[in-house]
Structures are given as structure tokens and as C-alpha cells.
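Engineer: Have a look at this one before I ask anything.
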Amino acid sequence: MRNDVSDWECINDKTIVYKNAGLSASERSMYPTAYTFDVYEKGAKDVAISVVNGMNSSVFAYGQTSSGKTYTMTGITEYAIADIYEYIEKAPERDFVLKFSAMEIYNESVRDLLSLD
């Protein structure tokens, strides 16, 4: 049995609490002029690459309307997929199964961004 520790705790159906006191918000904050590559390298690359070691991972953007979330997430997705496939190419002795989803939550509505509907 694994004894994984989560930094997140679901309190109820509307509240999730982040419990990692060792990480301050400023460690993951970016200037508005930051390049998408820098945002990926500092804030998402380790999470994205963790999937090749069997981890489930999520990257999400939060912020006000027109703050650049969609633009940034498009770039992060491209960098993540490139890094993941580069890793897979370097490990031909391993088998991988990748599953990917992209969701938008807006005004308490969830939309599947990969759906053809």
C-alpha cells in the first residue's frame, strides 16, 4: 500500500484547500510580460513530465477574463506534449498509454474543449 501525501484536501463539494505551507504564492507568480516558455519551465514542466512515471497530473490557469489564460495554456500544452514525446522516444523499452483532456470552467459550467459537439 502506498502512503502518498496530497497537498490538496477536498473539504466539501465546493471547497478544496491547498495545504503545502512550504510553497509561497510568489514562487509561482509571473510578471504579465513573462514568455510562455518561461511560465512552462517554472510552473508546469515538472508536473507535465511526471506522467511518464505513472502520475496523474493537472495544469490549470486561473484569472480574470482576458488575462491570457487561453493563450498561455495553448503554449504550455504544446511544450508539454513535445517534452513527453521526447521522453517516450528516448525510452523505447517501455510502453506508454497517454490520456489527455482539456476542460474549461466558466461561470460554473464545464466544457470539454476536445469534444466535437
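The count begins at 1 with the first shown residue.
Every residue gets a Cβ built from N, Cα and C, even glycine.
Per TrEMBL, domain 'Kinesin motor' is recorded for 1-117. Positions annotated as ATP binding site by TrEMBL: G63, Q64, T65, S66, S67, G68, K69, T70.
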Engineer: Check the binding-site residues T65, S66, S67 for other C-beta atoms within 10 angstroms of each C-beta and report the one with the most.
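Structural biologist: That would be S67, with the highest Cβ count within 10 Å.
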Engineer: Under DSSP, is G63 (ATP binding site) helix, strand or coil?
Structural biologist: coil
Engineer: Quick check on the binding-site residues: of Q64, T70, whose CB has the lowest count of neighbouring CB atoms inside 10 Å?
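Structural biologist: Lowest Cβ count within 10 Å among the binding-site residues (Q64, T70) is Q64.
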Engineer: With the ATP site defined by G63, Q64, T65, S66, S67, G68, K69, T70, which remaining residues of that chain have Cβ atoms positioned within 8 Å of the Cβ centroid?
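Structural biologist: Counting only non-site residues, the set is A61.
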Engineer: G63, G68: which of these binding-site residues has the highest Cβ count within 10 Å of its own Cβ?
Structural biologist: G68
Engineer: Under 8 Å Cβ to Cβ from K69 (ATP binding site), same chain, six or more residues apart: give me those in sequence order, or none if nothing qualifies.
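Structural biologist: Set apart from K69 (ATP binding site) by at least 6 residues yet with Cβ under 8 Å, we have A61, Y62, G63.
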